[in-house]
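Asker: From TrEMBL, for reference:
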- 156-245: domain 'CAAX prenyl protease 2/Lysostaphin resistance protein A-like' (DOMAIN)
- 32-56: transmembrane segment (TRANSMEM)
- 76-96: transmembrane segment (TRANSMEM)
- 116-134: transmembrane segment (TRANSMEM)
- 154-174: transmembrane segment (TRANSMEM)
- 186-204: transmembrane segment (TRANSMEM)
- 265-284: transmembrane segment (TRANSMEM)
Amino acid sequence: MLQEQQPPTTPMEAVPYHLLQRTSRHRWWRPLLGFVLLPVLAGAFALVVAGALIGLAALNGVEMDDFGFTDPTWEYGAMMLSVAALLPAVLVTARWVHGRPVGKLSSVDGRLRWRWMWRCAGWALLGYAAVLAFDLARGSTPDLAGWPGWPHYLLLALITLAVVPFQAAAEEYLCRGFLLQGFASWLRTPWPGAVLAALLFVVLHEYDDPLVIADLFVTAMAMSWLTIRTGGLEAAIALHVVNNVSAVLLDSTQGVPGLEQAGDFSAWQVLPITILTVLYTWWIDRLFRRSGLSRTFRRAESAE
């Protein structure tokens, strides 16, 4: 009796997140083209956002001067939206230049793993609640005289909840996604790209306090570590969104959050956040190992 012959199996390779850009379409010049095209598209999307806001402002009688909107609430919303405009620019650049699914910027699964991201967000929220409790325990009290009133606060909260998650996600897709994968496609290691992305992350935030600069750099490197270890941006996005939304909602109790990043900060204001970031990174890495999720993409070896 003849034994049925089994078809040969194709060898598979496990591709980590940072090498997802090295597909069969990869050429040395594609990342370079992407780095050139991205600022152009980001500027174009920002102009579209600005035009829409200027039109809405005119309809609502909001005045402008040489520096932007005279109404601080409108100016705050405009600044957040201008950063959020990076997100479509990054996704379109990845699609046009590299000809691959934009979901591969999200994770090795080709999409955002929403359940995992919500789980990470829960732990991040718990951590920031602990930091706030510590701040209150050491005697920090809110300035009740600065309270803007419920109508204005709820308006600021609505803008924050609607826009800031996209602003934070845009920075992660740029720094921990697009740049990390772009440099790794040349160098095959993620760490030079992670360092360069961390430096850009610091520059984008325009702080001049040494402690805050150090905290931003540590945060950026920790988020790169988590992105590589978990095979996706979810953990980084979760922490970034919770951090920004929490900070802005607290600042809004004193009126429109300030857009000026200059100023001195005490160690008590900065170090608890840095410690939280380190603990979050350690804990999420530990949780991921027990989650059953994959940190690599299975691809046929012939694809390269």
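Here the Cβ of each residue, glycine as well, is placed from N, Cα and C on the backbone.
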Asker: Who are the chain neighbours of the transmembrane segment (186-204) in space, where the CB to CB distance is under 8 Å and they lie at least 6 residues beyond its ends?
Answerer: 16, 18-19, 22, 28, 31, 171, 174-176, 179-180, 213, 216-217, 219-221, 224-225, 228
Asker: Using Cβ distances below 8 Å and needing 3 or more such pairs, separated by at least 6 in sequence, tell me whether the transmembrane segment (76-96) contacts the transmembrane segment (32-56).
Answerer: yes
Asker: Please report, as numbers and ranges, the same-chain residues at least 6 past the borders of the transmembrane segment (154-174) whose CB is under 8 Å from any CB of it.
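Answerer: Beyond its ends, the transmembrane segment (154-174) has Cβ neighbours at 38, 73, 76-77, 80-81, 83-87, 90-91, 105, 148, 197, 200-201, 204, 223, 233, 236-237, 240-241, 243-245, 248-249, 252, 256-257.
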Asker: Using DSSP, break the domain 'CAAX prenyl protease 2/Lysostaphin resistance protein A-like' (156-245) down into helix, strand and coil residues and give each count.
Answerer: 80 helix, 1 strand, 9 coil
